[in-house]
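One structure is given below, encoded as structure tokens.
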Amino acid sequence: VGFKAGVKDYKLTYYTPDYQTKATDILAAFRVTPQPGVPPEEAGAAVAAESSTGTWTTVWTDGLTSLDRYKGRCYHIEPVAGEENQYIAYVAYPLDLFEEGSVTNMFTSIVGNVFGFKALRALRLEDLRIPPAYSKTFQGPPHGIQVERDKLNKYGRPLLGCTIKPKLGLSAKNYGRAVYECLRGGLDFTKDDENVNSQPFMRWRDRFLFCAEAIYKAQAETGEIKGHYLNATAGTCEEMTKRAVFARELGVPIVMHDYLTGGFTANTSLAHYCRDNGLLLHIHRAMHAVIDRQKNHGIHFRVLAKALRMSGGDHIHSGTVVGKLEGERDITLGFVDLLREEYIEKDRSRGIYFSQDWVSLPGVLPVASGGIHVWHMPALTEIFGDDSVLQFGGGTLGHPWGNRPGAVANRVALEACVQARNEGRDLAREGNEIIPVASKW
């Protein structure tokens, strides 16, 4: 018959160390921890097989297609320095395996099934190389960094934000008042917390109205463009779109979405709506630590960040390096560059396993948020540079005199740090002197 049934080792078909990767391949770097007795080549090949064309046995229908054309290939394996029984397995996927413009489909293929695999003790997706041929099928961020600056008329400094606290329990009117005080004091943006959607104590429509009122009042009094990230995340895509439409009708500049809990399909729909209707889109990464916190299992945040740039968002939370949530400096700056820059060189010391060419896909502003305050300002200005959003929740509202003085303090500290930097002073060394001097006037 010509068909030979039976179970074969994956590595016979899917481990191909002599394979030359193509410019159109999607490349993945997996951190593989095989079960005892499973050779790393077999583990790497198993990942390649199960995330592409393979199954546990040879099947009759394999003969009806060209496996060589469609199969994923594990083309290189290296041990992880300093770790026992951990390997980086590099896998190449032919572009034809993926639907155009669908982050959902890309993830379903690459990480959909392999993580429960018996032969592996643990598996982590460390990085993806997205070829231009694939990234060009995505719209990407609704507007990007330059267009956002032009819309807001704010240049040469990071933007300032603040998450309104207490995150749950305020009425819409009181919430709007808190927004107004922060914006009036000098912040560029205020923010709905990620879990503020439409609860019994504050329905979304009421919140949108009072926040819009606060924005327009603060704009009129300061002469600056202001915004509040109105969280459009909802239980259905239709409801989410309804909220975004209402925000557009109010004439506000920006809405917000929780892209991991909301899902990539919803996020991409919202990003398309935002581009078509001139809304900026702020992205919160609620649930990311469930996926990315374990060092040897899950998906590294740099992959989730790349996926967001493809799906679409103008801001995304990216850790602080200095605040209350964890993040190592070089690694964080690695994916901050992946969000902002057009071309990023491979650099293993920053966790970047592949050179990434975004071919003019718009950039995303990284948002530093979580446990930061005025005294972190010199470090944040130096680490993140101008193209970022610095978000102080408790660091604004926790000011002993209240919201507006807290906002003033943040704006003064930021302007002082930017000026000092532009004058050539060393923020890391002199930061603690710059801020008290600025606060005197």
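Even glycines carry a Cβ here, placed using N, Cα and C.
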Same-site substrate binder from His76, His228, His317, given that Swiss-Prot records Asn113, Thr163, Lys167, Arg285, Ser369: His317
Cβ neighbour count within 10 Å of Lys191 (N6-carboxylysine): 29
Residues that sit under 8 angstroms from Asn113 (substrate binding site) by C-beta distance, when 6+ apart in the chain: Glu50, Ser51
Cβ-based neighbourhood (8 Å from the centroid) of the Mg(2+) site, residues Lys191, Asp193, Glu194 excluded: Thr163, Ile164, Lys167, Asp192, Asn195, Val196, Tyr229, Asn231, Met256, His284
Distance [Cα-Cα, Å, rounded] between Lys165 (active site, proton acceptor) and Asp193 (Mg(2+) binding site): 8
Rounded Cα-Cα span from Lys191 (N6-carboxylysine) to Thr163 (substrate binding site), Å: 5
Cβ-Cβ neighbours of His284 (active site, proton acceptor) (radius 10 Å): 28
